[in-house]
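Here the structure is laid out as structure tokens; the discussion comes afterwards.
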Ligand code: CP
Ligand code: NVA
């Protein structure tokens, strides 16, 4: 089987996602019915974390366990990587001992260099630039609630960060629109985030304009991990970018609200919105588990033939 990594959303085609979503539905149903499905017995996942995590660690660790395999949690500070071992050397060693690796780190370049030196599949568990596992779970969630995302409009309000960049890649893969509204100084640099220039996004200075007629409104923290030094400046810059009920009212009547979590109520989102009827944030979090199980199955076993 050809070695495949999952480093950015556009590493996979729309057909591959359609396959992964079909598998995710089956895996989810099997799990909900307490039926055992152990295709990854004797397989080991290494999870390298340079940053904190609740959902990513849990969903990968529980997911691997539920598929019959095991996982090893490696916070960077407890490994030789934390003491300066070159990432290339670490990749060569770790990938001789395990079957699949997930990494959460800072610059995307670190992940890229790791993957180039790995003998086994590498998954991006979040970098400063991208969060593809989250968007895979989010699109699966959208489809569960509203059907196909192609042709729909997603409003992204707030920081042009790893989540926003990944939504922009996903828009090209699935052919939907993203309305992005961010304060001046937080512009999209499309060449830097691997967009092919299909014009699937539009910038709006007013968040209220951006959400008009949106099928999905989504946002994320103003201060991502690694940007803590900019806290005060960012709180000022983003003050008008809180998704509140007034903003949600401008979107389509049946618009969904998403947030990858963790959230800061009263900053990027109002309590009434994240805890309100349009919010599907808990489904998003749960679906990380099911979609990543399908992802690991695909990277390790390839396409499963239907019985
Ligand atoms: N959404 C997400 O990736 O959450 P964690 O940081 O808790 O993993
Ligand atoms: N943009 C956030 C996402 C956390 C899951 C961060 O990078 O901290």
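Positions of Cβ are set from backbone N, Cα and C atoms, glycine also.
As the structure is a computational prediction, the values presented were derived from the model and not from experiment.
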Co-listed carbamoyl phosphate-binding residue [TrEMBL; alongside 53, 54, 55, 56, 80, 131, 132, 133, 134, 260, 261, 288] among 35, 104, 113: 104
Candidate sharing the L-ornithine site with 220, 224, 225 (per TrEMBL), from 162, 165, 199, 254: 162
Packing count at residue 288 (carbamoyl phosphate binding site) (other Cβ atoms within 10 Å of its Cβ): 25
Neighbourhood of ligand 1 - binding-site residues from 220, 224, 225, 260, 288 with Cβ under 6 Å: 260
Residues satisfying Cβ distance under 8 Å from residue 80 (carbamoyl phosphate binding site), sequence separation of at least 6: 90
Tally of DSSP helical, extended and coil residues in the domain 'Aspartate/ornithine carbamoyltransferase carbamoyl-P binding' (4-144): 74 helix, 21 strand, 46 coil
